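As written in TrEMBL, here are the features:
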| type | residues | note |
| --- | --- | --- |
| TRANSMEM | 237-258 | transmembrane segment |
| TRANSMEM | 278-296 | transmembrane segment |
| TRANSMEM | 302-320 | transmembrane segment |
| TRANSMEM | 332-352 | transmembrane segment |
| TRANSMEM | 358-376 | transmembrane segment |
| TRANSMEM | 405-427 | transmembrane segment |
| TRANSMEM | 439-456 | transmembrane segment |
| TRANSMEM | 476-492 | transmembrane segment |
Amino acid sequence: MPFQEVSVTSAPTSVLLRDVSVIATPLVVDLDGTLIKSDLLLETFFDAAGQHPLQAIGAIGALGHGKAALKARLASISSFDPEFLPYDPAVISIIEEARQAGRPVYLASASNEQLVKSVADHLGLFDGWMGSDSERNLSGRRKADLLVEKFGAHGFDYIGNDKADLDVWQVAASAIAVRTSARTRHALDKMHSHAVHLPERTPTLKSWLRLLRVHQYVKNGLLLVPLMTAHLFQLTALVHALLGIVAFSLCASSVYLLNDLVDLRSDRSHTTKHLRPLACGAIPLGQAVALMPVLLATSMAIGWFVSPAFFAVLCGYYALTTAYSFVLKRKMLVDVVTLAALYSIRVIAGGVAIDVVLSEWLLGFSMFIFMSLALIKRYAELAVRLDLGLSDPTNRNYKIGDLQIVATMATVCGFNAVTVLALYISSPAVHVLYREPRVLWLMCPVIMYWTGRMMLMTHRRFVTEDPIIFAVRDRVSLLTLGTCFTILVAAYL
């Protein structure tokens with residue numbers, strides 16, 4: 001059924017929304033982009049894609065039977081939860097004022113009726129709800145016709161946001177708009193000279209930078225490691241390495257967007273991730289979806305320019321990060337091995353960009369040190385949940401009781417990296433690149449100190465996020481890095 005009455009219990013008080021002669025003029029509220037700062041079609045698709053990728057792809061076939069059929073299919077395979085949706089407080093306030101005034105309030109949406117009912121039941125603010133079924137997409141003229149049939153022409157007020165809502169505003173008594181485009185706003189003002197436009201916040205540069213995870217770009221500095229360890233100080237090599245960093249940064253941003261879309265539901269219930277731009281509605285989902293292919297295509301174009309081999313490594317990185325977002329991050333230990341591999345791929349890509357063969361010693365050291373950092377990241381996440389009294393994470397196959405073993409594995413991997421370094425210093429290969437290889441022994445206690453300190457800082461709750469991001473902001477870690485660089489230069493000279 002596209003329309004259903006529900007009971008309400010609030011008592012009328014005073015007219016607060018607008019001056020009308022009939023106090024019972026219904027207020028009709030749109031859902032997507034109006035009551036919530038999101039789009040349930042996109043939400044259900046990416047939620048389903050994160051849990052059942054093949055079913056989500058298969059659901060697209062329902063589009064052959066119409067958009068309503070697609071919405072119904074996605075609603076049936078997604079785990080929709082209205083509790084943490086990014087509701088617009090201004091719209092909620094108008095609804096509450098109308099209810100206090102004794103006015104009936106209805107939720108009318110083109111989203112599937114199953115989702116509309118869930119939102120209406122959760123909020124308990126509506127006298128009735130209307131939504132699309134599997135055959136009829138309740139949008140534009142269809143929604144307008146249904147509202148006229150129910151309330152009569154100009155017998156209701158309407159709050160909406162989209163171009164499709166113009167058909168509804170045309171038959172509404174008064175119009176209230178939020179987050180409309182400039183063209184829609186102009187058309188509405190011509191239709192309703194006294195249309196009310198709610199204040200809105202456009203996405204800020206800070207929000208976009210957070211969405212793209214620009215602060216994570218520092219990780220792509222790992223592409224410079226082969227340039228330094230091979231002592232290949234040529235302008236062409238430097239340019240290729242820097243272009244490689246740009247390609248990896250743009251590729252990573254496209255994957256971060258995908259990951260945020262897939263993780264919307266879990267992010268909103270997270271202690272800190274609920275503030276991410278997509279989770280809190282600071283940036284529309286549609287804009288993020290449109291930006292993803294642009295970032296990826298630009299990244300791949302730059303990668304191909306660097307070299308076909310580098311392009312192949314970049315494609316492998318994208319495939320692995322995508323697999324991580326959809327499947328691997330929920331697999332115990334597979335997730336941290338994958339994270340370590342993604343760090344190591346950056347080092348490999350740096351070697352491919354400048355066309356040098358990487359040392360097995362460098363790859364072995366990278367594998368252990370990055371495995372340690374990946375485990376530290378998981379330890380930090382579990383420690384936060386322990387301190388807040390939360391239950392075991394639902395989107396990771398770890399338990400809070402695993403803290404001790406995770407800490408042990410992180411420490412062991414970190415010290416194994418030092419073992420690999422010591423073996424390299426003892427090997428004949430070191431004499432090819434360094435005049436005084438014995439100086440390199442000084443790096444072993446420095447890295448042992450840093451590894452142990454990172455684990456202790458995490459245990460003391462100073463590391464609550466990505467350990468690499470922490471290290472970049474930590475003066476002791478930067479001093480450690482500078483010390484290691486100085487030792488390398490001294491051994492080379």
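Glycine is no exception: its Cβ is also placed from the backbone N, Cα and C atoms.
Automated prediction, rather than curation, is the source of TrEMBL annotations.
The stretches the transmembrane segment (237-258) and the transmembrane segment (302-320) are in mutual contact, each linked to the other by at least three Cβ pairs under 8 Å (pairs 6 or more apart in sequence). Against the transmembrane segment (405-427), the recorded stretches 302-320, 358-376, 439-456 differ in Cβ pairs under 8 Å, and the greatest number is found for 358-376. Outside the transmembrane segment (302-320), and at least 6 residues removed from its termini, the chain residues within Cβ reach (under 8 Å) are 240, 243-244, 246-248, 250-251, 254-255, 296, 338, 341-342, 345-346, 348-349, 352-353, 355. Residues 225-226, 229, 335-337, 339-340, 343-344, 347-348, 351, 406-407, 409-411, 413-414, 416-417, 420-421, 423-424, 427, 429, 451, 454-455, 458, 463, 467-468 of the same chain lie 6+ residues outside the transmembrane segment (358-376) yet bring a C-beta within less than 8 angstroms of a C-beta in it.
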